[in-house]
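Participant: In case it helps, Swiss-Prot gives these features for our protein:
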MOD_RES   38  S-(2-succinyl)cysteine
DOMAIN    77-149  domain 'BTB'
MOD_RES   151  S-(2-succinyl)cysteine
MOD_RES   151  S-nitrosocysteine
MOD_RES   151  S-(2,3-dicarboxypropyl)cysteine
SITE      151  site 'Sensor for electrophilic agents'
DOMAIN    184-286  domain 'BACK'
MOD_RES   241  S-(2-succinyl)cysteine
MOD_RES   257  S-(2,3-dicarboxypropyl)cysteine
SITE      257  site 'Sensor for electrophilic agents'
MOD_RES   273  S-(2,3-dicarboxypropyl)cysteine
SITE      273  site 'Sensor for electrophilic agents'
MOD_RES   288  S-(2,3-dicarboxypropyl)cysteine
MOD_RES   288  S-(2-succinyl)cysteine
SITE      288  site 'Sensor for electrophilic agents'
MOD_RES   319  S-(2-succinyl)cysteine
REPEAT    424-470  repeat 'Kelch 3'
MOD_RES   434  S-cGMP-cysteine
SITE      434  site 'Sensor for electrophilic agents'
REPEAT    471-517  repeat 'Kelch 4'
REPEAT    519-564  repeat 'Kelch 5'
REPEAT    565-611  repeat 'Kelch 6'
MOD_RES   613  S-(2-succinyl)cysteine
């Protein structure tokens, strides 16, 4: 017998026998045989150690495509699902167990864990619509599914039942896109029932953010009293004022008054009633029939009315803080000349946004927020062409990134202080040329009108202003002759000012704010030096005490409170216009420098409100 030849170099296909072949001609009957070993020796290279790898990228898709064709032609199927749902006639679907098990942990357990279905050719399925099961089976073979609004809840429920997580996520994402004031509560309830945590959270967040619109829908009026109380207790409810929550509760009770009037008191205790204005409470006590019919509720609101009008310190109630970014806004300022900048600082990531400029450059202005809108009040335009004191009031809307002019004050006010009580802006002191004002005027946004109120007991420019317990405090300043350490308090019900305990230090151009039921006065100018000292006024003990000093000396600084901490921005240290921003933590009594402004400046207007609409910013910054 001839020895088999040893081959070298590239093999020729004719020299290899196929795995299955017919016997050579003349070798007897033609039968199929298997070649059990390779008869050829191949040495592609000198050492013979080279290897290669090959992957057919779309093999899985092709293989599942073939299996789907087998399913549709009912070939090699090893299970029939008999699906029964309520009164709908049962439907049968033939499939391959291995494919179903590969897409669903429920089917995998059913067909592999020794359950009785493992050996069954016909398996009964209940609790899922046949059309839903048909789509899920098709998804198992094709990795594709098409779902419309009318059936998405059924498909998602079926996907949850059979733990097909990818379909659950797809349905959840679709439903999030469909969220609307009219369906958000229903979607949230559905997600809770099927245990879809992510969809439930997204729907609830939508409800919190759009509470005013949701509260007008039919779904809202179908909430139970417990569900409503839980909803309105949320700190992150997005409302412009607490009266929205109050009216929503009263409307819910009116929807079925005979059955719901018993829940009024419980609901009112969930409303932040101390955030309501005395005028609003007085109107409701006089005109709301539901309150007049419930003596306990009426007494409860009367007590709150008295506490507000008597300016009693109340137990701290968390402010509504919607989960929308809240930024620190800085408007205007001075560096060589007055600036028109509007910028916003995000303490959570340290970023700055450049926004729509003021229509006229201003420094020595004040900033405040009412109903989410930022107001820039007074100031002066210092320019190479001359100096002009301003009586202007401009309103910035973060949703449109636009400024709108409002009614002007009765007189120009440079180096002004402002505070907000009951949604009204109080403009305090300031100067017009060589005139130093003691006058104070109040702006009502609903009417776009200013009205003079009682003047301060002392003329003050560079005055620090803050509001605590519905009282307006004017702190320090300059009267035209002397820098001041005196402070006074305005009682709106009496329309009168009273002196309070003076500060330990003379301060003009200090930053003044309220934190944790105390008034803070930071920095300023004492007639000789810019200051870095900080003192705090306790309204209950009527005493001023020093706290930790700032890192930098500064006067004409901006100041505000964000998430329980004090921020001071810019100012003048006697030599330089500062760009530094410091943050005070009352828990540790420490200051830290957290960022720098885009440029040094003093005399900025500062306030905190919602993050601006990015879409509007991008459109207005577009250069195309």
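Cβ from N, Cα, C; glycine included.
Describe the structural context of each listed feature in the structure shown, including burial, neighbouring residues and relevant distances.
Facilitator: Non-local contacts of residue 151 (S-(2-succinyl)cysteine) by the CB criterion (under 8 A, 6+ apart in sequence, same chain) comprise 131, 132.
A coil conformation is recorded for residue 151 (S-(2-succinyl)cysteine) in the three-state DSSP classification, outside any helix or strand.
Across the domain 'BACK' (184-286), DSSP classifies residues as 79 helix, 0 strand, 24 coil.
Of all Cβ atoms in the shown protein chains, 18 besides its own fall within 10 Å of the Cβ of residue 241 (S-(2-succinyl)cysteine).
The Cβ neighbour count for residue 257 (S-(2,3-dicarboxypropyl)cysteine), using a 10 Å radius over every protein chain in view, is 12.
With a 10 A radius on its CB, residue 273 (S-(2,3-dicarboxypropyl)cysteine) counts 22 other CB atoms from all the protein chains.
In this view, residue 288 (S-(2,3-dicarboxypropyl)cysteine) is surrounded by 19 other Cβ atoms within 10 Å of its Cβ, with every protein chain counted.
According to DSSP, residue 288 (S-(2,3-dicarboxypropyl)cysteine) is assigned to coil rather than to any helix or strand.
The C-beta environment of residue 319 (S-(2-succinyl)cysteine), restricted to residues of the same chain at least 6 apart in sequence and closer than 8 Å, consists of 235, 275.
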Participant: Can you tell me which of the modified residues 241, 257, 273, 288, 434 is spatially closest to residue 613 (S-(2-succinyl)cysteine)? Compare CA atoms only.
Facilitator: 241
Participant: Which of the modified residues 257, 273, 288 has its Cα nearest to the Cα of residue 434 (S-cGMP-cysteine)?
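Facilitator: Result: the closest of the modified residues to residue 434 (S-cGMP-cysteine) is 273.
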Participant: For the modified residues listed here (434, 613), which one has the lowest count of neighbouring CB atoms within 10 Å of its own CB?
Facilitator: 434
Participant: Using only C-alpha positions, which one of 257, 273, 288 is spatially nearest residue 241 (S-(2-succinyl)cysteine)? These are the modified residues in the record.
Facilitator: 273
Participant: What's the CA to CA span in angstrom from residue 273 (S-(2,3-dicarboxypropyl)cysteine) over to residue 257 (S-(2,3-dicarboxypropyl)cysteine)?
Facilitator: 21
Participant: Could you put numbers on the helix, strand and coil content of the repeat 'Kelch 6' (565-611), residue by residue per DSSP?
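Facilitator: Per DSSP, the residues of the repeat 'Kelch 6' (565-611) fall into 0 helix, 27 strand, 20 coil.
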Participant: Calculate the distance in Å between the alpha carbons (Cα) of residue 288 (S-(2,3-dicarboxypropyl)cysteine) and residue 257 (S-(2,3-dicarboxypropyl)cysteine), and round it to a whole number.
Facilitator: 13
Participant: Tell me, roughly as an integer, the mean pLDDT over the domain 'BTB' (77-149).
Facilitator: 94
Participant: Could you give me the DSSP helix, strand and coil counts for the repeat 'Kelch 4' (471-517)?
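Facilitator: Residue counts for the repeat 'Kelch 4' (471-517) by secondary structure: 0 helix, 28 strand, 19 coil.
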